[in-house]
């Protein structure tokens with residue numbers, strides 16, 4: 001797979017909003033000898049959830065450049081005859097395999113979608129409110145009260161694509177990585193004899209007998225890459241995904257004078273970006289051996305092996321010398337690591353519960369004077385009640401006031417200096433204070 005630069009987007013921000021729960025219904029049966037027909041208001045439907053799903057057919061985040069807002073469907077309101085409102089449809093957003101999902105505000109990593117079909121919930125829908133059928137008691141047989149649905153979650157997300165490749169080719173620009181990937185795979189990258197020809201990661205599929213694996217040409221690595229020189233910090237994150245690092249070194253001496261120094265410079269940049277990269281299996285690929293004499297080559301190979309303590313495979317991407325050995329070695333290592341990974345237990349996706357806050361029974365109340373004769377009751381847990389119920393419903397007001405009175409509302413009003421005839425507001429509901 002060859003990705004054109006114009007289509008390659010690997011970092012975006014999007015906004016997701018889950019659906020709100022539908023409101024419960026106030027309704028009564030039309031039935032003879034039953035007080036007011038008996039309550040039969042149905043519950044509201046749950047709001048739709050928002051999920052991100054790793055889809056192998058999606059290769060970049062380009063689709064999110066022009067569309068950044070994603071909203072799931074709200075739940076429908078409850079109806080009479082105890083009919084529950086329909087749940088809102090869940091929204092599935094397809095992203096490339098290898099996408100890391102972060103909370104854009106906190107930076108917290110929410111999920112790593114590194115397997116095809118892997119799903120993560122990024123916003124939970126609100127639970128539907130209960131209808132008045134739930135509020136009937138032996139003493140309150142015709143309740144005029146129902147709950148509002150909970151609001152669905154919303155958040156800004158940062159999506160960061162880290163390319164999924166089995167082998168990452170790293171090294172200085174112009175050491176022959178693009179030529180090498182075109183020699184061993186089906187990739188056809190742009191190749192020229194000057195630095196930074198490759199400005200996006202090129203991916204190629206390598207076939208070896210009945211086994212295939214993906215190789216990525218990681219561009220932009222030079223001294224200072226971890227700090228952004230040569231776009232290196234942009235591309236180093238793609239190395240994190242690879243099972244194996246193939247460190248390509250130019251041993252010809254024509255453009256790079258000291259292959260050993262080159263090796264350690266790139267390793268240092270990888271370390272600065274993430275020490276974890278140095279723990280990955282690595283082989284050294286000594287390229288351009290066709291441009292150097294056999295005796296001189298042996299000296300350089302010995303220096304590299306002694307200095308790096310790595311297996312060094314001499315190749316020529318131009319003539320093909322050593323390519324078969326290189327592919328065989330890469331396939332062997334990748335195959336072994338894939339078998340090890342496949343033996344790990346896979347996570348099973350379980351859809352979480354919708355947003356539902358338990359109604360608090362205890363409050364820390366505060367009475368605030370907003371104007372002469374006008375007061376507002378505030379409280380840490382009061383917001384849940386205000387959002388859950390329509391205080392224009394008489395029974396909802398009475399239920400809330402009973403709970404507030406148990407928490408000392410009357411005493412708080414007197415202590416604050418509220419006088420008879422003053423207006424007190426709780427949420428959107430206002431009442432005149434009477435002693």
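Every residue, even glycine, has its Cβ placed from backbone N, Cα and C.
Just so it is clear, the model here is predicted, and its values are computed rather than measured.
If you look up Swiss-Prot, you'll see 6-164 marked as domain 'Obg'. According to Swiss-Prot, the feature domain 'OBG-type G' maps to 165-335. What Swiss-Prot lists as GTP binding site is 171-178, 196-200, 217-220, 287-290, 316-318, and the listing cites sequence analysis. For 178, 198, the entry in Swiss-Prot reads Mg(2+) binding site. Residues or ranges marked as domain 'OCT' in Swiss-Prot: 357-435.
Listed in sequence order, 287, 288, 289, 290, 322, 323 are the same-chain residues six or more apart from residue 316 (GTP binding site) with CB atoms under 8 A from its CB. Each residue in the domain 'OCT' (357-435) gets a DSSP state, and the totals come to 28 helix, 22 strand, 29 coil.
Using a 10 Å radius centred on the Cβ of residue 177 (GTP binding site) and all shown protein chains, the other Cβ atoms total 30.
Rounded to a whole number, the distance between the Cα atoms of residue 219 (GTP binding site) and residue 178 (Mg(2+) binding site) is 9 Å. Annotation note: residue 177 (GTP binding site) sits in a helical segment as assigned by DSSP. When other Cβ atoms within 10 Å of the Cβ of residue 171 (GTP binding site) are tallied across all protein chains shown, the result is 26.
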